[in-house]
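**Student:** The structure's right below; bear with me while I get my questions together.
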Amino acid sequence: MLYVVDHPLIKHKLTIMRKKETGPKEFRELLREITLLITYEATRHIPVYELEVETPLEKTKGYYINDKDIVVIPILRAGLGMVDGILELLPNASVGHIGIYRDPETLKAVDYYFKTPKLHDKSEIFILDPMLATGVSAIDAITKVKELGGKQITFISLISSPEGVKAIEKAHPDVNIYTASLDRELNDHGYILPGLGDAGDRLFRTK
């Protein structure tokens with residue numbers, strides 16, 4: 001299911017990211033901040049456990065989350081820019097990495113790196129990629145995570161295309177998608193319109 005996190009702060013920050021004159025330093029900071037804000041909504045489903053705590057006045061019931069069961073997996077390379085944002089809220093989460101790029105000619109996924117912590121049916125897994133375009137890389141990543149035993153999977157992006165959302169919903173209907181914006185469409189090269197360009201290039205200043 002798709003969840004568009006519609007919040008004034010996110011709209012404001014995403015607009016700055018879209019501007020072509022926004023430099024890499026500000027782009028990185030905004031990506032981290034928006035990821036943090038989306039994470040707030042994307043973690044509503046995770047379980048909480050009771051414990052007793054003592055205030056300066058009396059004992060009372062409290063709650064905690066076991067963030068050691070949480071696994072954050074960025075899709076390289078642009079997904080790396082989202083990791084710090086989610087770790088600010090979940091500092092004990094494990095971090096894996098999936099290296100996938102989309103062949104510009106065939107638009108098919110090409111895998112080149114895969115390293116994750118041990119996954120099990122109680123792992124709360126968050127796959128990160130700023131741009132959900134064709135959905136090819138996302139579907140490939142989700143499929144591999146499931147093959148390793150992952151069941152509770154959430155996909156977090158900054159901007160999504162209708163085509164990418166439909167592709168994930170068809171291939172993995174059990175995966176929830178959280179995004180800051182559902183943009184209009186893909187162009188002939190598989191880029192999201194209006195989008196914000198190549199997130200990886202803008203993040204790492206490679207063009």
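Here the Cβ of each residue, glycine as well, is placed from N, Cα and C on the backbone.
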**Student:** Just to be sure I read the record right: Arg77, Asp129, Pro130, Met131, Leu132, Ala133, Thr134, Gly135, Val136, Ser137, Asp198 are listed as binding 5-phospho-alpha-D-ribose 1-diphosphate in Swiss-Prot. Which of Arg44, Arg102, Arg184 is listed for the same site?
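**Tutor:** When Swiss-Prot describes the 5-phospho-alpha-D-ribose 1-diphosphate site, the candidate it includes is Arg102.
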**Student:** Sort the binding-site residues Arg77, Met131, Gly135, Ser137 by C-alpha distance from Ile192 (uracil binding site) and give me just the closest.
**Tutor:** Met131
**Student:** Express the distance between the Cα positions of Gly135 (5-phospho-alpha-D-ribose 1-diphosphate binding site) and Asp198 (uracil binding site) as a whole number of Å.
**Tutor:** 15
**Student:** Using other CB atoms within 10 angstroms as the count, which residue among the binding-site residues Gly135, Gly197 scores least?
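**Tutor:** Fewest other Cβ atoms within 10 Å, among the binding-site residues Gly135, Gly197, is found for Gly197.
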**Student:** Which residues does Arg77 (5-phospho-alpha-D-ribose 1-diphosphate binding site) neighbour through Cβ under 8 Å, counting only same-chain ones at least six apart?
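**Tutor:** Residues satisfying the criterion: Gly99, Gly200, Leu203, Phe204.
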**Student:** Roughly how many Å separate the Cα of Ala199 (uracil binding site) from that of Met131 (5-phospho-alpha-D-ribose 1-diphosphate binding site), to the nearest whole number?
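**Tutor:** That separation, Cα to Cα, works out to 7 Å.
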**Student:** If I restrict to non-local contacts, at least six residues apart, and a C-beta distance under 8 angstroms, what lies near Met131 (5-phospho-alpha-D-ribose 1-diphosphate binding site) in its own chain?
**Tutor:** Ala78, Ser157, Leu158, Ile159, Ser160, Ile192, Gly195, Leu196, Ala199
